[in-house]
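Please read the structure below before turning to the comments.
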Amino acid sequence: MGSLVLPLSAVFCLVARLASGSPIMGLEQSPLEEDMPFFDDIFTEQDGIDFNTLLQSMKDEFLKTLNLSDIPPQDTGRVDPPEYMLELYNKFATDRTSMPSANIIRSFKNEDLFSQPVSFNGIRKYPLLFNVSIPHHEEVVMAELRLYTLVQRDRLMYDGVDRKIIIFEVLESADGSEDERSMLVLVSTEIYGTNSEWETFDITDATRRWQKSGPSTHQLEIHIESRQNQAEDTGRGQLEIDMSAQNKHDPLLVVFSDDQSGDKEQKEELNELISHEQDLDLGTDGFFGGPDEEALLQMRSNMIDDSTARIRRNAKGNYCKKTPLYIDFKEIGWDSWIIAPPGYEAYECRGVCNYPLAEHLTPTKHAIIQALVHLKNSQKASKACCVPTKLDPISILYLDKGVVTYKFKYEGMAVSECGCR
C-alpha cells in the first residue's frame with residue numbers, strides 16, 4: 001500500500017471529530033452538499049487503506065515535526081515546568097512583535113539531587129549534573145547556565161557581597177578514576193550581589209562540544225570565593241546558590257537551537273490557467289469525445305454569465321471557505337505532555353469546489369482540469385477538494401523525554417487560507 005500523507009491540520013480535524021464528547025457537529029448534520037467528500041468517503045474510495053494504519057501514519061507525521069519517535073509516556077504526576085520556560089512561552093504568545101533568538105529552546109534540570117555543597121579554604125563548591133541530549137541536525141545558537149544566587153548581608157552596614165564565580169567542567173579520566181580527573185574552566189567572572197536573583201553564564205562552546213559527543217551526562221562544579229581576604233570578609237555577608245530539591249530556583253541549563261534539516265514550505269503561486277477559464281471552448285467535439293446533453297446544458301448555463309454565476313454560488317454559503325475548529329489537547333489525551341497551550345484555534349476548510357473555480361480559491365491546473373472532467377462526467381472524476389492552501393505555525397511548550405522544550409514555530413498547525421485542489 002502506498003504511503004498516504006496528510007497535513008497536520010487534517011490530522012487534528014480527524015482527531016477532533018473522533019474524540020469522545022466532542023461538541024463538533026457530526027457529518028450527518030452538515031449543511032453542505034451531500035456529495036461533498038469527507039474523510040469517510042475518501043477512505044471508502046481508496047481500496048486497501050486500513051483506517052488504523054492511517055491514524056498511525058498521521059500520528060507519526062505529527063510527532064516527526066517535534067523530533068519525537070512516539071508520544072512521551074504519561075507520568076503519574078504532572079511535571080512542573082521551570083518558571084523561566086513558562087515566562088518565555090507567555091512572552092512570545094502575548095507579544096507577536098517579538099521573537100526568540102532560536103526556534104527551539106530546551107531546559108535541562110540539575111540531576112544531582114543528593115550532593116551537598118562543601119567549603120574548603122574559603123571556597124564554596126557546588127556540584128551539578130546535566131544529562132544533555134541535542135539532535136545533531138540542530139545548530140546550537142546559544143547555551144546559558146542559570147543559577148539563583150542567595151544574598152545574605154547586613155543591609156545597614158554593607159551595600160552588597162563581592163564574589164568571584166568559576167564554573168568548571170569535570171573531565172573524567174579514561175579509566176574513570178577520580179584521582180586522575182581534571183577541571184576545565186568554562187566561565188570565570190566576578191559578581192556583586194545586592195539581592196537574591198538569577199545570574200546567567202554563557203557556556204555555548206561547551207554545549208556545542210557536548211552535542212558532538214552525543215547524549216551523555218556532564219558534571220559541572222561551581223566555585224564561589226571571596227575577593228577579600230578571609231579576615232576582611234568576615235561579617236560582610238554570604239552569597240550562595242539555591243540548590244533546594246524540588247525548588248523553583250533549581251539550577252537550569254537552557255539551550256537555544258535551530259533545526260537545520262527541514263526545508264521551508266514554499267508558497268504556491270496562482271496558476272495562469274485561471275485567466276483562461278472563460279476562453280475554453282467547452283462545446284467542441286474534440287473535448288473528451290464531446291459532452292452529453294445534460295453536461296452540455298450545464299456548461300452553457302455556466303458560460304452565460306460567469307461573473308453572475310460566481311456571485312450567485314458564493315451567496316449560497318456552501319462554497320469552499322475557512323471555518324472555526326478549536327482543538328482541545330485534553331480532549332484528545334495529549335495534555336499529559338503538551339504543557340501549553342491547553343488548546344488552540346486550528347480552523348478547517350469546508351465547502352464545495354464547483355466549476356468555474358473562483359480566483360480567490362487559487363486552484364491549481366490539476367484542480368481546474370479535474371473540475372472540467374467532473375462537469376463532463378461526474379462518474380469519471382470527483383470534484384476538486386476544498387483543502388488548506390496556506391498553514392500558519394503556533395508556539396508550543398511540551399515534554400520531550402522529561403525535558404521541557406519550547407518551539408516557537410511549530411509549522412502547519414492552523415489553517416490560514418483555503419483553496420481548491
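Glycine is treated like the rest: Cβ placed from N, Cα and C.
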C13, C386 - which one Swiss-Prot pairs with C320 by disulfide: C386
According to Swiss-Prot, the disulfide-paired cysteine of C349 among C13, C418, C420: C418
C420: disulphide-bonded cysteine as recorded in Swiss-Prot, out of C13, C353: C353
Sequence-distant neighbours of C349 (disulfide bond) in its chain (C-beta under 8 A, six or more apart): C320, K321, K322, T323, C386, V387, P388, V415, C418, G419
Nonlocal neighbours by CB distance (under 8 Å) for C353 (disulfide bond), same chain, sequence gap 6 or more: C320, L361, P363, A367, A371, K383, A384, C385, C386, C420
Proximal but sequence-remote residues of the same chain as N131 (N-linked glycosylation site) (Cβ under 8 Å, at least 6 apart): F108, E111, P215, S216, T217, H218
